[in-house]
């Protein structure tokens, strides 16, 4: 039967489209969609339940209620198909047409569409150049608008209220024309000549210089040109005909109680029809104007609430005071059409159950309950039963399954073999949250999960549930097996490290078996091979941890060598463990206590050296072995395992004495309360650390005599210590709370309580201590809940901005790249250069520092062997390709991306790197903190370091340094960005330090230094002013008690001058600026080198001068010191909020002020509360900026600054960095800042992922000069469009476009994407759709999201080939048929038009 119908069905070509075009629907188009006019507000007859004729559910308009049966029942059956019944007028056809046939309502008066009126910026308002308020007054019948002033002094589009209108009519009669309501607006829009208007705007643009005016004009210009180009007519923003949704999409369902459940839309439509009909009647009766006007206004309001309830005026509510859901509400938000039905659907063939551990499974297996499998694989079972002739029909097969016949279980066994299923655990934060396994049928009702897969799913067995999905088609099964099988996902896509790593019990077991124990049974025995060791161990002759000698196969570190037997000194456990090592892996990897890190390194090495298969087998074996020996170890935990250190009491007594001393000083008035607080906190946090250190020493080390009678130390076998040391569970910080002291606690406002909790959990807390600690515990729980939601939202925004970044080609051919060097924090190399460039492609060759030859050519993929060469070459910076500089237009190329982290080879075409990047950054989001850090105590003391002490031997290298030599012959730094690096003998950078202005260096550039040597010193508490030339000091504007204050130093008794702040000076001295000038022996001012400008040192408020007028000054002397306020420490935003701020490109509260041009600094006249800083460049350009007085400036009069240098401290704004220092610096800044946040939490993310997001944030450019293109100067455009246009212009020898990149936050960038479908499904649906339809946008369906929404394969992975094939076929067709036929296919699909030809806008 079905096949018959399918044959008759006309084949729908609507499926075959390549673009979607959205535009405004003209009244004629709306009528053409309609199957009839809805004239009555009635819905269905309450007795017969049949729809009323001409009503909202009318069968004549919308189609029959039952398949192939007219309403009155005259025609039934398929044979009458297509007949229109002459009694009831219903066409005999399928009832499903009631889901697609639309109706319409002819409105008695035009009505404005609220989206184009109220959605900001108001499109109608922009076109007419009126404010929204003015238009509303016209539309809602408060004012008249002058349409044609005629010969009167009235102006066009002037608004007149009732009285003014009457007055004008009395004065001028019918000379002028004024109207009100939507008719007036429609009339104006209809008679608008867009070409002339555009001409006018161009003329106005050339005439005006006002910024705001230009902005407004540009907006109007853009709107008008796009209206003109897209073929949308402005008057279509006013509705004459209202389309009616098909009735099955707004159903009316009778309930048992005789009441009806109805969609809100029906109520809204009824109001429109009622008011429309009433208005028609009033117009026929020629009712008084005021009544008609009121009715028209009510009709306008009814249509408004139907389209978007609540956007204007009161929200229309239903019977239960709940706002009615209008058409706009249907599509927006989480419950709207986009996010609820199009992007996420519920799927068939799925089930869910609790998970339990499956320690006997292999990595690619999962245990599936039989009952569940039976339900999931039903269709396959039916097929098997029928083909093997157990059953003749589907019905019979169904019966067999219901009766549980034995054949059914055989069938299940057969169909499940080699058929992978997919397991998913919510929340799916990254792609490893869904993996494929081969099912093993089990009894019971819980799914068994392999323990090693837990880390990827973030699953534990405390009641977690997982869902099972069955891939049905052959292709789906194939992809599940090759791409999603858990054994194919060993490495994490975020950082390329193994994610299949033993944890907890397994680690403990492996650690226990590889430890050494002195004096163990059988120590010193020798064995021929491992088998002999095994026999000896099983017979109880040797202990697991005994040190023995045994012959083992030996391989080189890199896996070469024959595996010759070598006598090795090791332990029994390690020898046994060596049995599971794959052939070719060196024994040295396990010849140590196997802590978690060591196990991870072993798996990583195995993967890199021997490949996937060996690694999977090794991981499984490690798991079985780990569980076995964890059981044998009998590790348990008891109160006696928590050893409280003996020294604790003594340490506490010492600290209490120190605190008493500080209290005493405070009481004597030597300390302020803030200083006291900081010092006390400092003491206690130090005490906590000391106790913890002593505790770990006592807990972790045991002294005993060995066989030779010597006293030796060995690690203890204390259970608690072993668990923490191996990395199985717990950390030093937690043990510290168990057996050390709990330490300092925070108050609810975040400040730290001065009295710490000195007890630990083993000793027990008293009531007060317990009460203090409750706050922290509760805050932790509240934080976690908030964090999850915030982290999820961040991931959603990231995915949305990067969803269409796909690898589309192999090589884009660019020669550009970014510079990468090691990451250094506080002098230590935190991330080595090798780690940062692993898996990248070189953009410039690497030159060997020792020989000067090319060590690695450009275009090399840096894998492990190449990294070894790189390290030998002794370079400390490398240029590599990056997605930031990739020249591919749509997507990125494989060479710029580099290695696919999850597979370990160059990335393949079709990989959705954007989504992977978003997931890698978003997934650890829940581990980040939510709160801002308060720096107190320990952190503060660390901040006041005043010297550089070297940790390694090497050669000192200075970079970015300006120095002068002082009278002692030492170098003094006079630059702010100076750095000191220590280079080792191989030419590698080992340490890097920033040197502040005024640091005194004890060494010269290139000098050899020894470990522990102090290279530079400075005073961390003051900021010096250093003389760069010599001369006699001469004071200007130094007036005691007016501009300066004299006091004597308490220690030395010398006179000290302090510059007074403006607020402390008398009014007469407000403009005086104290400065020190240097004079030569003739008494003339000394000028700075190469210029005529005298050297003046202006002194800011608070500066302290230790000189006298007329003192001799040498180069490098300190003229004055500016005290640093170290007490005022701001909180650093950390964790998630910081990451969100960076990705949203938010401007910091007090951004650093950067130099806009290169030149010389001078100070202009001060204004109230602000100082004026002027930079004069060499070519005569001048840049002025007003800076608040309280901002501390980094520069002095006469200093040279480079463009982009920091003038006043603060967090630099990313927009400034991009503008002044360029894209590379910006990328470096964002990557560095985000990595800092994640590194604090110990999360590793590859830089590439952050770069992908940055690339998306830089998608837009600002047009500076449009050249001979259709762009407008000052507008923002997509970079790819601009590049395309420039190619075209250059080919025609026309002027190209000049532009500069702009940075957009991720939310803004998602909404500004080329694809309106993707943007609408993200946020602000109404605004996006309104804008898109006015501009007549075309969605090319390039991204992933758009294709999911229209129900296609995504253009990534295996879907990329499908899309490229389609494109090629289409190009061929177009080539063969010419473009004549392609226009016929253009078919309007609602307002969303699916077009097959290239749009005119391309």
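Cβ from N, Cα, C; glycine included.
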**Study point:** Where Swiss-Prot places region 'Disordered' among the ranges 1343-1372, 1373-1402
**Key:** 1373-1402
Check your understanding: Between 72, 85, 88, which of the binding-site residues has the fewest other CB atoms within 10 angstroms in the structure shown?
Key -> 72
Study note, to complete from the structure: According to DSSP, residue 896 (Zn(2+) 2 binding site) sits in helix
Study note, to complete from the structure: Cβ density check for residue 896 (Zn(2+) 2 binding site), other Cβ within 10 Å (all protein chains) comes to 29
Review point. Within 10 angstroms of the C-beta of residue 70 (Zn(2+) 1 binding site), what count of other C-beta atoms is obtained when all protein chains are considered?
Key: 25
Study note, to complete from the structure: residue 85 (Zn(2+) 1 binding site) and residue 460 (Mg(2+) binding site), compared by Cα position, are separated in whole Å by 65
Check your understanding: Rounded to an integer, what is the Cα-Cα distance in Å between residue 462 (Mg(2+) binding site) and residue 896 (Zn(2+) 2 binding site)?
Key -> 44
Exercise for review: May I have the list of same-chain residues other than 460, 462, 464 whose Cβ is within 8 Å of the Cβ centroid of the recorded Mg(2+) site, in sequence order?
Suggested key: 355, 459, 461, 463
Study note, to complete from the structure: Simplified DSSP label at residue 88 (Zn(2+) 1 binding site) comes out coil
**Study point:** Fewest-neighbour residue among binding-site residues, criterion Cβ within 10 Å, set 460, 462, 464
**Key:** 462
Check your understanding: Just checking, which of 812, 886, 893 (binding-site residues) has the fewest C-beta atoms within 10 Å of its C-beta?
Key -> 812
Check your understanding: Given the recorded Zn(2+) 2 site (812, 886, 893, 896), which additional residues of the same chain have their Cβ within 8 Å of the Cβ centre, ordered by sequence?
Key -> 809, 811, 814, 881, 883, 885, 887, 888, 892, 894, 895, 897
